[in-house]
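Below is one structure, written out as structure tokens; comments come after it.
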Amino acid sequence: DHLMSPIGPARTLVLRACNFQTARFTSQSVNVKNNSFAMSGCGWLMPFHVGVIKAMKERGVMNDTSHYAGTSGGSICSLLACSNLPCEEALELIIQVSTDPVIWSNMDAGIRKTLDILITEEKLQLCQGRLHIATTRVWPKPKAQVTMFSNFDSKEHLIDCVAASCFIPLYGARNQFKVKIGGVDAVDSYLDGGVFAFMPPVGDVTISPFANNHFHFKPPNWRDIDIHLDKTDYPLSKLLYWALHPAPEKELRELSRQGEIKAHKWMDERKL
């Protein structure tokens with residue numbers, strides 16, 4: 001039992017995020033041009049992002065000067081890319097965590113514990129100014145736009161930002177509607193960045209397991225997706241279900257393989 005009913009909540013979350021997609025945002029410091037990548041919200045479809053990262057790093061398209069922006073599950077993958085965690089290790093970690101009872105008893109706590117193990121001081125420094133995390137500020141002074149974080153005061157601050165970007169009320173933790181950024185004494189509260197930014201508003205190359213034609217409408221500030229699954233690869237209903245209920249291991253590995261294929265195709269078309 002993964003806490004949520006099968007398809008309705010996932011469909012509502014993704015479509016609502018797309019409906020409110022906006023280019024307006026507040027940020028500490030974001031000035032991203034060229035050699036930058038935006039990874040959409042994706043939930044447990046993260047292996048697709050990992051496959052894309054693997055292919056693009058192998059060919060040097062993603063490198064140590066690249067910037068990465070992420071929303072929700074995409075923020076985790078952007079962190080993994082920016083901190084140079086080997087993609088094979090990242091995929092195995094996602095597969096392992098997807099069936100961990102600790103995660104499903106309190107997903108927010110599980111994400112924080114996992115990130116605490118992964119993030120070293122060296123990785124924190126790699127992320128400074130190059131990793132851009134999309135969140136939604138809800139208190140005080142709630143904003144009807146995405147709030148981006150690009151500079152991190154500490155390892156704990158970085159973990160807070162990524163955890164907030166991923167936090168879906170009630171799904172991330174029972175009886176909890178928001179999380180804080182800045183420690184237990186902080187007053188600023190946030191939740192999933194996908195509320196107003198299914199795709200981060202910064203980053204030149206947009207990446208998502210969802211295809212442009214998966215959606216029947218495109219809001220005025222919609223960002224077309226460059227690297228994505230084809231509509232014929234999986235039905236939208238299955239992807240939405242897997243976003244909240246992890247696919248079996250075989251399918252998670254296949255999603256990663258598809259990410260590699262789509263990325264290589266995109267790079268081949270541009271002779272990169």
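Keep in mind that glycine also has a Cβ here, set from the backbone N, Cα and C atoms.
Here TrEMBL flags 37-206 as domain 'PNPLA'. What TrEMBL lists as motif 'GXSXG' is 70-74. Annotated active site, nucleophile per TrEMBL: Ser72, in sequence order. Annotation source TrEMBL lists active site, proton acceptor at Asp192.
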Task: Among Ser72, Asp192, the one of these active-site residues whose Cβ has the fewest neighbouring Cβ atoms within 10 Å - done: Asp192
Task: Rounded distance in angstrom between the Cα atoms of Asp192 (active site, proton acceptor) and the residue listed as 'active site, nucleophile' - done: 6
TODO: Please work out the mean pLDDT for the residues of the domain 'PNPLA' (37-206).
DONE: 94
- [ ] Go ahead and report the DSSP secondary structure tallies for the motif 'GXSXG' (70-74): helix first, then strand, then coil.
- [x] 2 helix, 2 strand, 1 coil
